[in-house]
Amino acid sequence: MKLKKPSLPSSLLCAVPPCLSQIRLLIPRRVRVSSSTFANAKLVTLRNHTVNLHIYYCSMAGTDNRRSRHDDESPKNPNKKKKGNRNPEKSLLINLHSCSKRKDLSAALALYDAAITSSDIRLNQQHFQSLLYLCSAFISDPSLQTVAIDRGFQIFDRMVSSGISPNESSVTAVARLAAAKGDGDYAFKLVKDLVAVGGVSVPRLRTYAPALLCFCDTLEAEKGYEVEDHMDASGIVLEEAEISALLKVSAATGRENKVYRYLQKLRECVGCVSEETSKAIEEWFYGVKASEVSDNGIGSDIELLRAAVLKNGGGWHGLGWVGEGKWIVKKGNVSSAGKCLSCDEHLACVDTNEVETEDFVNSLVTLAMERKAKMNSCEPMADFSEFQEWLEKHGDYEAILDGANIGLYQQNFADGGFSLPQLEAVVKELYNKSGSKKQPLILLHKKRVNALLENPNHRNLVEEWINNNVLYATPPGSNDDWYWLYAAAKLKCLLVTNDEMRDHIFELLSNSFFQKWKERHQVRFTFVKGCLKLEMPPPFSVVIQESEKGSWHVPITSQDKEESLRSWMCITRQSS
């Protein structure tokens, strides 16, 4: 079969070389090919007695990988030019970062020594920060600790004498160096100076931690408490390591009231404690000082203790040590129903306290009103206060339902829509679970309610709910989220929704508060092959608990997902 000779653009026509050695000379190094030529590229076969040469028009520019010195030095190779023009300060910083990644302190110090003797390099804050960080990383290495501390302070002194103000990262590194040699006072002074200067660089927990932990290790309790007060004034929240250290130093120095305070802080901020913290708690209760602590008579006032527990939301009273005599410490498990298998006491499902709940409710009202004020006045919207008044009048509910979330669950298919049967199933299930046979309250947007009323298959049930105050229609232009969240918070009842309420977390109170509230009040649901399953709140909270009898239960962090396998410290008094 005879091949049809393709037509070539004139710019690409070339003669067949008489020998192979001339092929390189024949093909241009770079050929500009238009997009149309590239799209219509065809294989061309040129033949003579010595060579069969196959050329793609579109690949001719890439056939020669050899480059001349002129090509390498041309502006078309920006990387080499950029590398050649890199300034010495930037080169030093890159090399220091490389030392940090390799954990090579000796190499970093050698670079620093060379830099301070060079007239071409002016050290800046980034250089000093990188060096100080690397020095602080070796304070726990016995072979390099002394060098790291000594050279670290030399570097810091040069930084300050150069007129460079240390930022938070630099102060943190030097504070760690100071604490490593037992100078908690200097570590604390660095933080106080940083706060006094002000500006954009502010201290963090890691900035305070070296001084606080140093004072605790050296049993300088009062200085440790001073650091804590300074942290509190700066809005820094303690975490487990710091609280545990303060508890240890308080126990070691016989400050029983401080020990009680830090147990409460662990309950509030941590929940489950680590093995290390549990050992510190155990040592305190086994000690002589703990057995000498008495309740000063409050243990006999059961009504006072119960009222305090109720006010706090359950799980603690906060009035101080209760009982007399030695403590008995056991490690055991808690049943799925919340019963301690060591002492038979039932643990509480801890709720938010009255003050927190009231603040939460007020915040919801404020935000709902602000949203209303920002909306276009042309849109009809009933005042949120109308719902507040309605709820005050009819607010005898044990559960609130996010109607839209339930009705639209798993309805994202071709014929899917709002499922009233799903909503009805939840209403019936909660009614049957209610000991007092109370109906829940459904909150649903008015537009959705009107659509259901227009459907003859749904009208009777919806009208029945409205007449029995089981259904409240939120007004047009409103966000029904605020309504069901407000109702559940105000009535301190259950909230049935799968909504994670992440938006609310960021807009309302602290994340820790909202998580605690959700754990106690949110009911999640699923429908498996049409069958409803409600996931009720757990019967007890996995946090440190203090009972009205004076006993303590401390959950320990566990890798087991099965809650019944978690270890708990059960701490009771012989007289209780």
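Including glycine, each Cβ sits where the backbone N, Cα and C put it.
Quick look at what Swiss-Prot lists:
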type	residues	note
COMPBIAS	65-75	compositional bias 'Basic and acidic residues'
REGION	65-88	region 'Disordered'
REPEAT	88-123	repeat 'PPR 1'
REPEAT	167-201	repeat 'PPR 3'
BINDING	CYS340, CYS343, HIS553, CYS570	Zn(2+) binding site
BINDING	ASP402, ASP480	Mn(2+) 1 binding site
BINDING	ASP481, ASP499	Mn(2+) 2 binding site
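The structure, with features from Swiss-Prot marked on it.
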residue: CYS340; record: Zn(2+) binding site; Cβ neighbours (10 Å): 22
residue: CYS343; record: Zn(2+) binding site; Cβ neighbours (10 Å): 17
residue: ASP402; record: Mn(2+) 1 binding site; Cβ neighbours (10 Å): 27
residue: ASP480; record: Mn(2+) 1 binding site; Cβ neighbours (10 Å): 20
residue: ASP481; record: Mn(2+) 2 binding site; Cβ neighbours (10 Å): 20
residue: ASP499; record: Mn(2+) 2 binding site; Cβ neighbours (10 Å): 16
residue: HIS553; record: Zn(2+) binding site; Cβ neighbours (10 Å): 25
residue: CYS570; record: Zn(2+) binding site; Cβ neighbours (10 Å): 21
Closest of the binding-site residues to CYS340 (Zn(2+) binding site), Cα to Cα, picking from ASP402, ASP480, ASP481, ASP499?
ASP499
Rounded to a whole angstrom, what is the C-alpha distance between CYS570 (Zn(2+) binding site) and ASP480 (Mn(2+) 1 binding site)?
44
For the recorded Zn(2+) site formed by CYS340, CYS343, HIS553, CYS570, name the remaining residues of the chain with Cβ within 8 Å of the site's Cβ center, in chain order.
LYS330, GLY332, VAL334, LEU341, SER342, ASP344, GLU345, LEU347, SER551, TRP568, ILE571, THR572
Could you tell me which three-state DSSP class CYS343 (Zn(2+) binding site) falls into?
coil
Compared by Cα position, which of the binding-site residues ASP402, ASP480, ASP481, ASP499 is the closest one to CYS343 (Zn(2+) binding site)?
ASP499
Helix, strand and coil residues within the repeat 'PPR 3' (167-201) as assigned by DSSP:
27 helix, 0 strand, 8 coil
If I take the Cα of ASP499 (Mn(2+) 2 binding site) as reference, which of the binding-site residues ASP402, ASP480, HIS553 has the closest Cα?
ASP402
Counting each residue once, how many in the repeat 'PPR 1' (88-123) are helix, strand and coil under DSSP?
27 helix, 0 strand, 9 coil
Pairwise Cα distance for HIS553 (Zn(2+) binding site)/ASP402 (Mn(2+) 1 binding site) [Å, integer]:
35
Cα separation, ASP481 (Mn(2+) 2 binding site) to ASP402 (Mn(2+) 1 binding site) (Å, whole number):
8
